[in-house]
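Just below is one structure, and these are the notes that go with it.
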């Protein structure tokens, strides 16, 4: 892929910023807790994870945590890992801020900005022990495929930010998208598949709302786990 093609892909957003309904509880959480648990986007500042988490534990980045239920569960079940979640929709951000505060979660922080810009400008190379993208928008119409978050340009970007040995975990209920991601990663010499093809569903990955919806529609659930080499 040419540099110009990669740049064009970067400029196409993988999401649509909808107004959406924000409940009173979510708005209250945004007002009360954003200063405690949210990191503002600053294109001129690289994050120092040991400073913001106040420890040197491994950091896992999740892009698009939705309402945040599965990410909250993972943070609670893995207290020796730090989690940074990115979500652009206010309702989900408000929801997760409420949970962080009321469940006293100390290893989870949140950002609300374009994930690619955060990765490019605020995440140091070779700094993440894991990246996870669960049930991203499949943009299933062919004319919208270019909006998909996991594309060749971003796969290269993810590899830059992962440590050697860091794991990229993708899950989807839209098989054509999952097959496309699997092919991208299989053909990239910066990654090694931890399984032969698709991975079995990990017991430690919490069930998400979108996964349940996919199951109700009889969509196959695909997990992909690749290690940076």
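Glycine residues also receive a Cβ, built from the backbone N, Cα and C atoms like all the rest.
Note that the structure is predicted; figures quoted are calculated from it, not measured.
Counting Cβ atoms from all protein chains shown, residue 137 (active site) has 16 others lying within 10 Å of its own Cβ. Residues or ranges marked as active site by Swiss-Prot on the basis of similarity to another entry: 137.
Around residue 114 (S-adenosyl-L-methionine binding site), taking its Cβ as the centre, 18 other Cβ atoms fall within 10 Å, counting all chains. Look at Swiss-Prot and you will find 62, 87, 114, 137 tagged as S-adenosyl-L-methionine binding site.
Look at Swiss-Prot and you will find 141, 173, 208, 209, 210, 211 tagged as substrate binding site, backed by sequence analysis. The C-beta environment of residue 209 (substrate binding site), restricted to residues of the same chain at least 6 apart in sequence and closer than 8 Å, consists of 66, 67, 69. According to DSSP, residue 209 (substrate binding site) is assigned to a helical segment.
Taken from Swiss-Prot, the feature region 'Interaction with RNA' applies to 143-148, supported by sequence analysis.
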Max CA-CA distance, Å, over listed S-adenosyl-L-methionine-binding residues 62, 87, 114, 137:
14
Note the mean pLDDT of the region 'Interaction with RNA' (143-148), expressed as a whole number.
62
Counting other CB atoms within 10 A of each CB, which of the binding-site residues 62, 211 comes out lowest?
211
Using a 10 Å radius around its CB, how many other CB atoms surround residue 208 (substrate binding site)?
20
Minimum Cβ neighbour count within 10 Å among the binding-site residues 87, 173: which residue?
173
